Amino acid sequence: MANTATNMRLKLPITCFILEIILIILFGVLVQYDNETDAKKWHGMTHGNHSDHQKDVEHKDYENDFYYRYPSFQDVHVMIFIGFGFLMTFLQRYGFGSVGFTFLIAALALQWATLMQGFFHGMHHGKIEIGVESMINADFCTGSVLISFGAVLGKTSPVQLLIMAVFEVTLFAVNEFILLSLLGTKDAGGSMTIHTFGAYFGLMVTRILYRPNLDKSKHRNSSVYHSDLFAMIGTLYLWMFWPSFNSAITAHGDDQHRTALNTYYSLAACTLATYGMSALTAHDGKLDMVHIQNAALAGGVAAGTAGEMMLTPFGSMIVGFLAGIISVLGFKYLSPILESKLKIQDTCGVHNLHGMPGVFGAIVGAVTASLATKDIYGEGMEDVFPLVYDEKVKRTAAYQGGIQAISLAVTLGIALVGGLIVGFILKLPIFGTPPDNLCFEDNIYWEVPGDEESHEGHLTTVRTEEIAMPEATEKLNS
Amino acid sequence: MANTATNMRLKLPITCFILEIILIILFGVLVQYDNETDAKKWHGMTHGNHSDHQKDVEHKDYENDFYYRYPSFQDVHVMIFIGFGFLMTFLQRYGFGSVGFTFLIAALALQWATLMQGFFHGMHHGKIEIGVESMINADFCTGSVLISFGAVLGKTSPVQLLIMAVFEVTLFAVNEFILLSLLGTKDAGGSMTIHTFGAYFGLMVTRILYRPNLDKSKHRNSSVYHSDLFAMIGTLYLWMFWPSFNSAITAHGDDQHRTALNTYYSLAACTLATYGMSALTAHDGKLDMVHIQNAALAGGVAAGTAGEMMLTPFGSMIVGFLAGIISVLGFKYLSPILESKLKIQDTCGVHNLHGMPGVFGAIVGAVTASLATKDIYGEGMEDVFPLVYDEKVKRTAAYQGGIQAISLAVTLGIALVGGLIVGFILKLPIFGTPPDNLCFEDNIYWEVPGDEESHEGHLTTVRTEEIAMPEATEKLNS
Amino acid sequence: MANTATNMRLKLPITCFILEIILIILFGVLVQYDNETDAKKWHGMTHGNHSDHQKDVEHKDYENDFYYRYPSFQDVHVMIFIGFGFLMTFLQRYGFGSVGFTFLIAALALQWATLMQGFFHGMHHGKIEIGVESMINADFCTGSVLISFGAVLGKTSPVQLLIMAVFEVTLFAVNEFILLSLLGTKDAGGSMTIHTFGAYFGLMVTRILYRPNLDKSKHRNSSVYHSDLFAMIGTLYLWMFWPSFNSAITAHGDDQHRTALNTYYSLAACTLATYGMSALTAHDGKLDMVHIQNAALAGGVAAGTAGEMMLTPFGSMIVGFLAGIISVLGFKYLSPILESKLKIQDTCGVHNLHGMPGVFGAIVGAVTASLATKDIYGEGMEDVFPLVYDEKVKRTAAYQGGIQAISLAVTLGIALVGGLIVGFILKLPIFGTPPDNLCFEDNIYWEVPGDEESHEGHLTTVRTEEIAMPEATEKLNS
């Protein structure tokens, strides 16, 4: 019955176990609690102990970073697992794969990201120190991998996805290091580091994995009524918690507060624009669930860089409004061209939700940074633009804006070159990728309950035959 | 194919774009960050700046209102978008409309509410200052609009809903201003301002929009197995986060703590009462999902006014228990009468979930307020009843109770008169309302995936014909 | 039409009303706000009042326990109602029962747990004082009842479940009292008190309620495509919020922080192990949704005791990795043996998700405790192991480890004996248990929307006949 090439009986366990064992060993060697997580360090100096982690000043428990960031962390966590996972369940026969592979690759990516980000963002005496902020950053990096997953959704095996995650996390950490540590770029909500990077990386991967005969699975590349409702669960959780996403790692106090507020209004304006554009671009004025599920989120992506700045609610709403318009136009007019002309098969349309809005957000960030003045930010400048605030560095706001723009170019470059290389790696025939006529189909990698078959009638019959003898079916189709 | 009258190709984009552009302009002119959100203001006095926002005392970051209220805000946000949105997905063919129109009108209402509430609740030097508390208030006001949406669910076009939202938000802000600012009423969880107002406003609108021939869509005005499960997602999120809803804008410290606790026990008692009453009122002892989905929430509504007071867990449980009984009885016996005698077609039964429990909660609040003494509240009286605490004002607890009762009457009056006027506005023939035989049907305003049709057999065939020639079908039906 | 034995028309209302009225009366007599929830107590000393609750030192609002624990409480609350509720919706015809009975028995259990835990964990002058911590503990106890519900899912009436909840909550509180108060055991995340107790209690109950003819309902004891997606909602909320669960009642500061972090990494490692094992143990390499939905959570259970200790991320990942392997092996090889040899019909496989991982977690906790040193914990030892820290008590770490091991034995003993007795009580013929051929079927206790029938064709026809004449069908089947 089963297709031997796509059989995961050994490939998946070997990949999972080897990766997890490597992770455990590296965590054992390299990782330790940070000062706010460790029992001894948080409780300050102990008799005869003179490590440099000792606290001379006593902490109050409410000053622990946990209370500043853990609620935001949990919101981000929901976005990663429920938000991304269910957003992709719109496909009629790929719900298990959407939610299940999100779960798998996110669980891997957050562990690997802890190591890679810790390695690049500052080892302490040869050790990576972790706490709630590193957990948020690990989830952020995972989000980037899931964006790329959206581009190749339904066309890859779980082993391919795990391999992709390992490479993408690594490159993500390199890019993030160049931007945040070397260039001093500001990108708290990740318009560049997360969205632009994840989208263009994934688009390049799907370009390399181009399938000329994907039409054979076309009948499954669409939604049914209830799958669209499941997808709306993903959409709404992403939409609701995006203020927490953008504000999760900004500075304490007004910065987190302002970022959440800017994102809230950007998303609201984006939603109105999305509904308007969706009706306007339909020949019969009917709303398209694809637009509602995706474009309404572009306001969160576009506020990812400038959200922590003094963008003002007014500015945030303009940004969200434009992002929604751009995104719907992309779904309607650009995606078909990308597929037919550039051979980019972008299952979830990540170019419209993360790609273009990410680039737009980066530009908004560059402009907003270049307009920063001491008169607007006061002493708050130190938190938002420390290098502009610091009188010794002598970085001007305009220079910061330039750095922001350069960072966008660097991100695009690393994403595209990285996606190119990783795409070719994923083409290796050993990873059990699905055949062209069995894309967007859970039945290859999942036990699908048989009762469902009676619901679908002859469609299922055809499918079972395809699985039984894919080569024969392929001949018939060609 | 498409019915031209309900075609949204131009109506919806024009409405969305005009409203959003007006909002953006007004935000640009009127809105600014508050002291806890603005980089300069939060970071205190700067050289040579003598605005009255300057802080002489330095803040600690953990004192920023963000940390007191943002977790509650996010819970409220989930209630608005997931809670209300999915609660209404119980209809078999209106899941897109339930979730999707909730999303649309909530995104509009929260922006408009920011302006209206800011306008009435105190401009600062001609500016509306916003932060996390105003975000919660905007979501609260949005909740009121969604309650009204529940009454007209399935019988209105998205343009009608947007128009209704604009007027309702405005009247909500007027009523809230009269109660909270002029009368000094206490209503933190909004038994009056949110639930009573939203329910009676919506009931009056649906009365004015009465459809004598709604029977033509009767076959769609019911649930299917999975739509009831989707609705339970909405129910449970409302139920779980109601403690956050009622406590979101109470005073810091014991007030938020006590309100959450009171609501928790009120809801638990309400749930037991609901299950008992549901089995008792069924001829065969089977539980009715309509009751579970709705009446179990009445305990949250009924604790909306008194939740912040020293209601005690004991009092909270009695309130919840009675609210559950009232609500099930309303669904079982009162709703049919309202429809047949008073011509009130209340799709979601908002009278039973928000109307009667809201009025009951207002009365509980009035009684609890009138029993307040210094001996019970101690110095905490200042937070709960500032006008009774203030020795200069000389308001007695009994007087406060009277004010609470008057506030209920004011709310009912503004809701009913407002609903009357707005109902007539919505009757204008230009808004693309659905015909009587196509109510509770997503296909009019949404692209519905075609695969679903094969699941439903002849029912869909009939529907497609209806859409193709509504006038002809109407003749056949009559 | 209806089976009179299972008719709930009077049984359920009587049970609900009597229980709720008893609860209300006991709350009226025994329960009051704690110092952080009461208006007067929180606001400190008042003139002429010399109760021992008065505060001489003024509190800051941000020191109120509400802000330390309420976000965690809400996460736990979601796990109880959405997590457990939806996890069990995997059954094709028991979605209403899974979500609806979870809702009912949790609403009862949290009230009764407030009283039982308050009674055992310290009355203050004859009163039970409650606040956010007691709310979390009540939800925890409720979780234990829901674990037992998982073992008997689909085979019990709502009245049986309510009776079970009353007894189980009581025994839970006794066991918790022995462990936490008498023995000084540490078990913040409840590997023993919640998971081991709930699992073995439920397994013993289902053993006593053994149905030799359960095969008659076999065709309903499986999932359909969309029911598995609903179940994934439950799985993911449990997975995402488990860090909040384990850290919800640990000490403030580093303890909450560290527990959340340990659980996060334990779960991630567990997920990789689960996917690997699921593919490895399938004959065709296909992933099994049962494993993904359940075994991926075992890492949270297994970190329940040691999560607050200095387990290190490295240790946490090993624990999670092993827990995932154990759990999948249990589902694959042990559950069939338990059913065929020991006559334990464990619907949800709670032995694999809560039983074995709970025991494993208890052992990990004992070992980790026995290795505790002042050098590792510093002054933080006081929070984690107060009896080892306290120089007057002279408890060694090894002794603490021994106590932890004894606590596991005590928990197993009380759970098994308790389950035995409660199982026999539930066998009483008055509670309206479903007949063998109508298990896993919503139609007995719920009004199920009729439209669903057309989706299922002849299966439903057969079912309706069964309901009409169960005895006749039983004869035919035998």
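Every residue gets a Cβ built from N, Cα and C, even glycine.
All TrEMBL annotations are machine predictions without curation.
What TrEMBL records for this protein:
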type	residues	note
TRANSMEM	B:12-33	transmembrane segment
DOMAIN	B:65-428	domain 'Ammonium transporter AmtB-like'
TRANSMEM	B:76-94	transmembrane segment
TRANSMEM	B:101-123	transmembrane segment
TRANSMEM	B:135-154	transmembrane segment
TRANSMEM	B:161-183	transmembrane segment
TRANSMEM	B:189-210	transmembrane segment
TRANSMEM	B:222-242	transmembrane segment
TRANSMEM	B:314-334	transmembrane segment
TRANSMEM	B:405-426	transmembrane segment
Among the ranges B:12-33, B:101-123, B:189-210, B:222-242, B:314-334, the one whose Cβ pairs under 8 Å to the transmembrane segment (B:161-183) are most numerous:
B:101-123
Ranked first among B:12-33, B:135-154, B:222-242, B:405-426 for CB pairs under 8 angstroms with the transmembrane segment (B:189-210):
B:405-426
Is the transmembrane segment (B:12-33) close to the transmembrane segment (B:135-154), in the sense of at least 3 CB pairs under 8 angstroms with a sequence gap of 6 or more?
no
Beyond a gap of at least 6 residues from its ends, the CB atoms lying under 8 Å from the transmembrane segment (B:12-33) belong to 41, 108, 111-112, 114-115, 118-119, 126-131, 158-159, 162-163, 166
Averaged over the domain 'Ammonium transporter AmtB-like' (B:65-428), what pLDDT does the predicted model reach?
97
